[in-house]
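One structure is given here, and the rest of the page talks about it.
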Amino acid sequence: MEENMEEGQTQKGCFECCIKCLGGIPYASLIATILLYAGVALFCGCGHEALSGTVNILQTYFEMARTAGDTLDVFTMIDIFKYVIYGIAAAFFVYGILLMVEGFFTTGAIKDLYGDFKITTCGRCVSAWFIMLTYLFMLAWLGVTAFTSLPVYMYFNVWTICRNTTLVEGANLCLDLRQFGIVTIGEEKKICTVSENFLRMCESTELNMTFHLFIVALAGAGAAVIAMVHYLMVLSANWAYVKDACRMQKYEDIKSKEEQELHDIHSTRSKERLNAYT
């Protein structure tokens, strides 16, 4: 009988511990973090592969080659974009962890008005700093989304030219890289529908794959923007809750101090009456 009671108490203690742990999870921050990681992964992974596919298309079908020396050509720019992608992946991996940790501390402080993190002035400054930083990152991701739409537009034009070539017989269309600013005005890098390279490019799966990779990268950038907006809502709500918790804590401190003073006054009067009676 005693063993069954002990087992029941143990199970009850484990259940209460699990409920307490689940109650301390910042679900809103968790959803935003998952969305951020998914968006950054799609943008960085698909963007990197799309840039590599662009290099292969330029070298294979447009017969472009890397210039010797330190000249800033399209291939150098693509390499720079790849390094930027590496930095974005690492930076936002760390930033997502920081926001999750901040969410855990904030949730714990809201559950307990006398927590040690968000009730302090330093904790409130950290929350305000995260709000400002997340807002700046949201603006940055909006710029990244707008910039990522440019290659999508370029590849859509190329895909449209290839499609029109197959639909309209005898169409003589040309694709000039100078229209997109990829090469300088003095260079003439264009292919027309009558050339073999153009037909090979349109029939290859590489063009279609690169086009869709850029579309997925654009979707990933949009998901990162949504994650930043979600983070802003979560951080702003946490800031409001923490501010109310601070006010409540000050009120409780003042109330307890007044009660202690009243208790001391009553104790002093009781002692005086007792001394006067004796």
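Cβ from N, Cα, C; glycine included.
The annotation topological domain 'Cytoplasmic' is assigned in Swiss-Prot to 1-22, 106-127, 235-278 on the grounds of sequence analysis. Annotated N-acetylmethionine per Swiss-Prot: Met1, in sequence order, evidence recorded as similarity to another entry. Among the features that Swiss-Prot reports, transmembrane segment is placed at 23-43, 85-105, 128-148, 214-234, with the record citing sequence analysis. Feature annotation from Swiss-Prot assigns topological domain 'Extracellular' to 44-84, 149-213. Taken from Swiss-Prot, the feature N-linked glycosylation site applies to Asn164, Asn208. Taken from Swiss-Prot, the feature phosphoserine covers Ser256, and the record attributes it to a large-scale study or a structure entry. The phosphothreonine annotation in Swiss-Prot covers Thr278.
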Inter-residue C-alpha distance, Ser256 (phosphoserine) and Asn208 (N-linked glycosylation site) (nearest angstrom): 71
Positions on the same chain near the topological domain 'Extracellular' (44-84), where near means CB under 8 A and six or more residues out: 148, 151, 177, 182-183, 189, 191, 197-198, 200-201, 206-207, 209-210, 213-214, 216-217, 220
For Asn164 (N-linked glycosylation site), the number of other Cβ atoms found within 10 Å of its own Cβ: 12
Per-region confidence, the topological domain 'Extracellular' (44-84) (mean pLDDT, whole number): 86
Neighbour count (Cβ, 10 Å) for Asn208 (N-linked glycosylation site): 15
Inter-residue Cα distance where the pair is Asn208 (N-linked glycosylation site) and Asn164 (N-linked glycosylation site), in Å: 15
Other CB atoms, at most 10 A from the CB of Ser256 (phosphoserine): 10
